Ligand SMILES: Cc1ncc(COP(=O)(O)O)c(C=O)c1O
């Protein structure tokens, strides 16, 4: 596959997929694989969900696109649904997570300028991930994502995640901060879960300083943590929230939602997108929300997530190669004591598609539609593969370090 006419941006496994159904993907040779991470938190209702397929087909037959110089009923109704769910006052529709975050970053700068801050800065976190555009890769707390793309965008200040003293110190020393952007659970950063008291403390600092609290829920949103947005689980309300990924179950759509003064900041001409809020994308997202609600899938994410985590905790209690099992709902990380990228090709030979992030964290993001039986199939496979991997490691050891523990806020 080396000579394919594709720019070389991904390290891909040599599998060609043809179709999917629920948590399963089928390759062109007819082999079946269990997809444990849903295209990185995208197909939250599973592959080829009939309600989404039908909604897209019906909308395609009526109207796929018209300019944002006009209204469509489907865009209006999706905006209303999202605002009702989130408590926000308005939505800007984009096509991806990075674009939703770009909208938030532009909104924050404009909000700052409106308040007389002419060099506004946004506070972002170590180990964060916000996308691959120039502004969002600058916001991202990972040098690997930034290296080679300098000069980076100005106007970002960084703090360690879950460290309220660091945020307070920056609030005292930097008058140019206008907003903070953070993920309630860092996905790419290795399933780091925010401490609820840290989030509440950041909220208080934002209120005191007049900063916008902006949450990147591109990965955590759309029901995955047991509520539509993770902030509803943590008991804080942001001023701006962004999402994408599971919003369209595979149809590209992103959204930047805002409330209060933040929602009144953009005026015509400040921001835009040809395809943002496209009728087809809105029909897909609207059907996703209806299905999440009708089938009570958010409660299900919490229930099946607890089942998966407790089975993994039981299986690996005392295993010296597992450092921690953590997460909320169907966003679960299994952190090993040493880098484990080799697990991915090994799991593939066993029919399991795995994602490893931050070098040593197996990230499980299965669909919210998972039955108990499917969840058990996934867990049984993972346990078997990890034990195989660890036994192999004992024959030719990798480096082992650090304590083992489990954290489930
Ligand atoms: C938290 C977060 N923000 C932003 C992005 C970027 O989203 P996209 O790839 O749709 O641009 C991602 C993608 O992984 C993400 O996890």
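Cβ coordinates are placed from backbone N, Cα and C, and glycine is handled just like the others.
The annotation pyridoxal 5'-phosphate binding site is assigned in TrEMBL to 97, 98, 129, 216, 217, 218, 219, 274. Annotation source TrEMBL lists N(2)-acetyl-L-ornithine binding site at 132, 273. The feature N6-(pyridoxal phosphate)lysine is assigned by TrEMBL to 245.
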Rounded Cα separation (Å) that holds between residue 217 (pyridoxal 5'-phosphate binding site) and residue 132 (N(2)-acetyl-L-ornithine binding site): 16
Greatest C-beta neighbour count within 10 angstroms, which of the recorded positions 132, 245: 245
Binding-site residues close to ligand 1 - of 97, 98, 129, 217, 218, 219, only those whose C-beta is under 6 Å away: 97, 98, 129, 218, 219
Using Cα positions only, nearest of the binding-site residues to the residue listed as 'N6-(pyridoxal phosphate)lysine' (132, 219, 274): 219
Residue among binding-site residues 98, 218 with least C-beta crowding, 10 angstrom cut-off: 98
Those binding-site residues listed as 217, 273, and which of them has the most Cβ atoms within 10 Å of its own Cβ: 217
Residue pair residue 219 (pyridoxal 5'-phosphate binding site), residue 132 (N(2)-acetyl-L-ornithine binding site) - Cα distance, angstrom, rounded: 15
Three-state secondary structure, residue 274 (pyridoxal 5'-phosphate binding site) (per DSSP): coil
Count of other CB atoms lying within 10 Å of the CB belonging to residue 129 (pyridoxal 5'-phosphate binding site): 26
